[in-house]
Protein chains: 2
Amino acid sequence: MSRSSSSALEMEIFQYIDAHQSDFIKDLKEWVAVESDSVQPHLRKEVIRMMALAADRLAALGATVHLVNLGSHQLPDGQVLPLPSVILGELGKDPQNPTVCFYGHVDVQPAKKEDGWNSDPYTLTEIDGNLYGRGATDNKGPVLAWINAVETFRALKLAMPVNFKFVIEGMEEAGSLGLEKLLEEENQSFFSDVDYIVISDNLWLSNKKPALTYGSRGNACFFVEVECGSKDLHSGTFGGIIHEPLLDLIALLDSLVDSTGRIQIPGIYDSVAAVTEEERKLYELIEFDLEEHRINCGVKKFLYSTKEEILLHLWRYPSLSVHGIEGAFHEPGIKTVIPAKVIGKFSIRQVPHMDLSVVKKQVVEHLEGVFSKRNSPNKLKVSMPLGAKPWLADVNDLLYKAARRAIKTVFGEDPDFIRDGSTVPIARMFQSITQKSVMMLPIGAADDGEHSQNEKISRHNYIEGTKLFAAFFLEISKLHQTLHETSHRETIN
Amino acid sequence: MSRSSSSALEMEIFQYIDAHQSDFIKDLKEWVAVESDSVQPHLRKEVIRMMALAADRLAALGATVHLVNLGSHQLPDGQVLPLPSVILGELGKDPQNPTVCFYGHVDVQPAKKEDGWNSDPYTLTEIDGNLYGRGATDNKGPVLAWINAVETFRALKLAMPVNFKFVIEGMEEAGSLGLEKLLEEENQSFFSDVDYIVISDNLWLSNKKPALTYGSRGNACFFVEVECGSKDLHSGTFGGIIHEPLLDLIALLDSLVDSTGRIQIPGIYDSVAAVTEEERKLYELIEFDLEEHRINCGVKKFLYSTKEEILLHLWRYPSLSVHGIEGAFHEPGIKTVIPAKVIGKFSIRQVPHMDLSVVKKQVVEHLEGVFSKRNSPNKLKVSMPLGAKPWLADVNDLLYKAARRAIKTVFGEDPDFIRDGSTVPIARMFQSITQKSVMMLPIGAADDGEHSQNEKISRHNYIEGTKLFAAFFLEISKLHQTLHETSHRETIN
């Protein structure tokens, strides 16, 4: 690996990290051993135990740690559960330094050996250079990599290049309950002196090439309910004489997208931002193995044939997916029922500059139009129970420049500038509440299998990721101070 | 009630039945008390106990009773359960008499008080002239009414007007497992001297007016499977770049029926028999309260506005209903999944003279044609896991004449000649295996709520139904002997 540009300081830091691999892996093993699954209620106490462990780890760095109590929440079955506290941590207050806030989470998705894991999901197991375990890449590994990068400066008794803030939560896999409210409350206090926000809770686009993420699509979820009455009917006794709600619903759902994948809702593409020349160039440079991606997901063919078209349609054009139908027969076998009330579920991943309220209006008008042509006496109800906005950062921002340089230093190549076709509410939430620059700086590879069986992070990515964070501290410090001096000079002039 | 045509013999019989109402209701109470639910495995022993009770009851009539062992069956979960034996009973062998075989079942659908019953489902409870209890109308009440009609002749020491055969099963609510094979095996022996087969396992069309059932629609069930790969995909990561199987399936399902209820599969109506003048007259005479039927099922409006159109579309035109989708998201809430494999379920209720294999071919060709226009790389598989044929009897048959006369005697009016929009496999099975005349002679009213909460038979229907069966024995005996004498004379001439 080329490290032509590494300074002596960087060399010292990298050597320390290399020499302490086993310690860092031991840390991760300890964290993975905690079944901090925030989805299953009976494991909530483990999440709370995990938060305490993370708080201790930050305190050991020398950080001031606050565990902010978020109260409790009620499950659909009426059960009331305590919410794990959110950690707000602070380390360093040098006015010369930029303040970087790191967001991560230490809760995990459910995992059981029987689901198809080759090793116990809560025992970090190294096989062929990969560290397998639930949370290894999502998100305990990256959180520890950041902490260990800070630890390295402390251990080597180096001056901290940045002031650190930490937001560590334990409910990310269950929808980050209470976090948005906390961010709003802390916006004028905890966040007031934050310059940059870094999130490391996603993956590279490829297995080998590092990436920086600067945007994600939003998600507008829709329910389309069609109802003929209060009780399901028998298809022998009523088949042929009534307007079946499921037939209405199927016609409605069939009107949404054509077979080429183009959304048929009038006006839906009107506000989609045009692709700029600069953007198009970013897409050309991206390393993306179409064939590998196709094989990974198992489909025979994509809707488009070039890398650019695929990525554009995944990241910066809206898409519409139908997820299923509630209320209809869904089990194996046969049931000759005419369901009385069916709810179709679909969602539109929207992109800048689509407006959620406009999208909702377009969808409702379109569906009502299609429905009225059917002369059905059934009741139609269209709702948008969830609307998450897209997120887009400026790749020319200081934060991205610093990360790009650090990546070049550690990995010897420029990163892919990528977006996420999925919705990353956390990035959008940080950006819209704090109005700070937000960057997603992943260290996990595309094949890490977050949320899947046999989740892993490679030893390489974990350790080089730790170096990347350390290098990033130095770069953002330099760039920030240069900018600061420049603006200072400008102010004097 | 007009009984102008009742003979002295009939009067004697009817008086006996009226005088023994309490005994007959006591019998029904005893039978209803047995939780002979054939659906839930843990209650199988109760079904077997019920079969023994029914066998004892027939033996007490003087009938020869054989309990035919059908072996066992395996549940989807691997559990092996014994099948309840089928009762084959015989009473009387007078060569002057016609032999009438009665089919009934003594197993029931599941029922729990908590489901919304006003009384314990297994304690027959009389409220306002209605006898509430699971199996009261489906089918314990009618089976006992038949037995008690026979019992009346015995108690009064009257000559039996017909020879009786009985086929009583305990698996009807679970698909009559093993029955078809038994009928085939017994066709040359038990059924060889049977002249007529009577089934009393359905309901009148109205709450008040008796009915005779002469036909039922068939049912061809279809599975349409569309698959893009082996694992479900995330709509953020793949939405917009793949041909979603659910979108393919929705387009396929949307191509089946138009909004007026007309099936769009080319050729599907080609073999439907034309409506005759005689048939049309039957429809005109039928007592059917459209508005009551509409309110019962809860829809705002039917597809058609006249009684005749509604009944024709329910009974003698095919209909297509979509039941649901397996493999898609079906729970409450939101899951932004792109399901990898979805199976649409629909069925076509077919009518004479549609041929099942032709219907299957038409469906497959139509769906493959629609699918090919989508240029989807996904895998399509269309199958017909179940195909039940329609059943149609001749209303001019002796059996129907006799029943019609008996109804006129007991109820003072002509019956509705009705069909069943649902599939009655048992009628079709008896007819096609034995090649005998089959009639369905219901005694339950439209509002009896079979399979529902608060199932009932009215005291009136149960007792008058017993009289109806007794009167029917006399009528079929007379008509059969007249026919026999006629053909005898013809043979001599």
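Cβ coordinates come from backbone N, Cα and C, glycine included.
TrEMBL labels come from automatic prediction, so no person has curated them.
Of the listed candidates (B:His353, B:His366, B:His451), TrEMBL assigns B:His451 to the same Mn(2+) 1 site as B:Asp138, B:Glu173. TrEMBL annotates B:His105, B:Asp138 as Mn(2+) 2-binding residues; of B:Asp27, B:Asp37, B:Asp201, the candidate listed for that same site is B:Asp201. Proximity to chain A (Cβ-Cβ under 8 A) holds for B:His234 out of the recorded positions B:Asp107, B:Asp138, B:His234. For the domain 'Peptidase M20 dimerisation' (B:217-370), the model's pLDDT averages out at 94. Taking the Cα atom of each, B:His451 (Mn(2+) 1 binding site) and B:Asp138 (Mn(2+) 2 binding site) are about 8 angstrom apart.
Candidates B:His105, B:Asp107, B:His234 (recorded positions) were compared with B:Glu172 (active site, proton acceptor); those inside 10 Å Cα-Cα are B:His105, B:Asp107. Rounded to the nearest whole angstrom, the C-alpha distance between B:Asp107 (active site) and B:His234 (site 'Important for catalytic activity') is 46. B:Glu173 (Mn(2+) 1 binding site) is surrounded by 20 other CB atoms, counting those within 10 A of its CB over all protein chains shown.
Using the Cβ center of B:His105, B:Asp138, B:Asp201 for Mn(2+) 2, the list of other same-chain residues with Cβ within 8 Å runs, in sequence order, B:Gly104, B:Asn139, B:Pro142, B:Val143, B:Glu172, B:Glu173, B:Glu450.
Take the mean position of the Cβ atoms of B:Asp138, B:Glu173, B:His451, the recorded Mn(2+) 1 site; other residues of that chain with a Cβ within 8 Å of it are B:Val108, B:Gln109, B:Gly135, B:Asn139, B:Glu172, B:Glu450, B:Glu455. In the shown protein chains, 16 other C-beta atoms lie within 10 A of the C-beta of B:His234 (site 'Important for catalytic activity').
A straight line from the CA of B:His105 (Mn(2+) 2 binding site) to the CA of B:Glu173 (Mn(2+) 1 binding site) spans 9 Å. Counting other C-beta atoms within 10 Å of each candidate's C-beta, the binding-site residues B:His105, B:His451 are led by B:His105.
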